[in-house]
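Report on one structure; see the data block that follows.
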Amino acid sequence: MMSGGGYTSIDNQKVSGSVPAATGPDPAAVRFTDSNLQTFPPSETQGKISAVFRPPQDADDTFSRPGKGAKGSSDESGQATGWFSMFSVAAYKPYFDVDTSDVVERIRDSLFPFKDSFNEKTTDNPDLYGPFWICTTLIFVAAAIGTFVTYLAHKWQKKDWNYDINLITWSAGLFYGYVTVVPLGLYLILKYFSAPSGLVQLFCLYGYSLFVFIPASCLSIVPIEIFRWVIAGVAGFMSATFVAVNLRAHIVSSGERWFLIVAGIFLLQLALAVVLKLYLFTITVSSH
């Protein structure tokens, strides 16, 4: 061993760093038992950093989850099915999926009552958009025209006139109630006679059948009583024929009673025209 300048050197030995290499037999290998621990959270990446960020499996992905009514989504939770689906907005979206050309074409078909192609055209996509706006428009048009006709009648006879707000509420109850209760009742009757029809399709048929009463209401402004009766009769006949003709082919399958059902549908639609004439376009001028 030599020392000089404050350094010490070791002769004839191979060293690694400052610690001499160990010599002798290899130490015995130590084996560990398999661990039962699991990687958490269990995911495909197994704790590794992936190129694309993904939230943990237990994260709240409510806003990124497709809606129950979306196409291709699976109903994993089992909710909003059966009768409960009628309380969800998504259940009614298909019945408002129409454009202007569809509504115009169906309105045009309702003005040609002897053609029985309406049901065939709306079998796959009956809508509630057109019936809703037809009924709403008819309510305000009938109330407005009836009020205006009454106003003119009072002014011509120089009588005081007061606006009757009941015309709006009465017409709303009449038309909304009619296009709801009558198709629902007809649906139950057809189901009883083993000739069931789609409920939404009946709503669609009856809703469009009321369109003819809109121009009839506008023509009722003419101050001639017999003319108003003719207009109401023609509108009622067209509307009743439109409904009866389009349901006839379907109701025939119910047996011999089909004629009674069609006749009842026809007369009920005529009765609506008579009620419309008597309560909205019959002018009475008060004496005071």
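Just so you know, the numbers here start at 1 and follow the chain as drawn.
Just so it is clear, glycine is given a Cβ too, placed from its N, Cα and C backbone atoms.
Pulled from TrEMBL, these are the features on record:
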- 1-78: region 'Disordered' (REGION)
- 33-48: compositional bias 'Polar residues' (COMPBIAS)
- 115-275: domain 'Yip1' (DOMAIN)
- 128-153: transmembrane segment (TRANSMEM)
- 165-190: transmembrane segment (TRANSMEM)
- 202-223: transmembrane segment (TRANSMEM)
- 229-247: transmembrane segment (TRANSMEM)
- 259-280: transmembrane segment (TRANSMEM)
Considering the transmembrane segment (259-280), which listed stretch of 128-153, 165-190, 202-223, 229-247 counts the most C-beta pairs under 8 Å: 229-247
Remote residues contacting the transmembrane segment (165-190) - C-beta distance under 8 A, at least 6 residues beyond either end: 131, 135, 138-140, 142-143, 146-147, 196-197, 199, 202-203, 205-207, 210, 250-251, 254, 261, 265, 268, 272, 275-276, 279-280
Residues from the same chain, set at least six apart from the ends of the transmembrane segment (202-223), whose C-beta lies under 8 A from its own: 106-107, 109-111, 118-119, 122, 126-128, 130-132, 134-135, 137-138, 141-142, 145-146, 148-149, 152-153, 175, 178-180, 182-184, 186-187, 231-232, 234-235, 238-239, 242-243, 246-247, 269, 273, 276-277, 280-281, 283
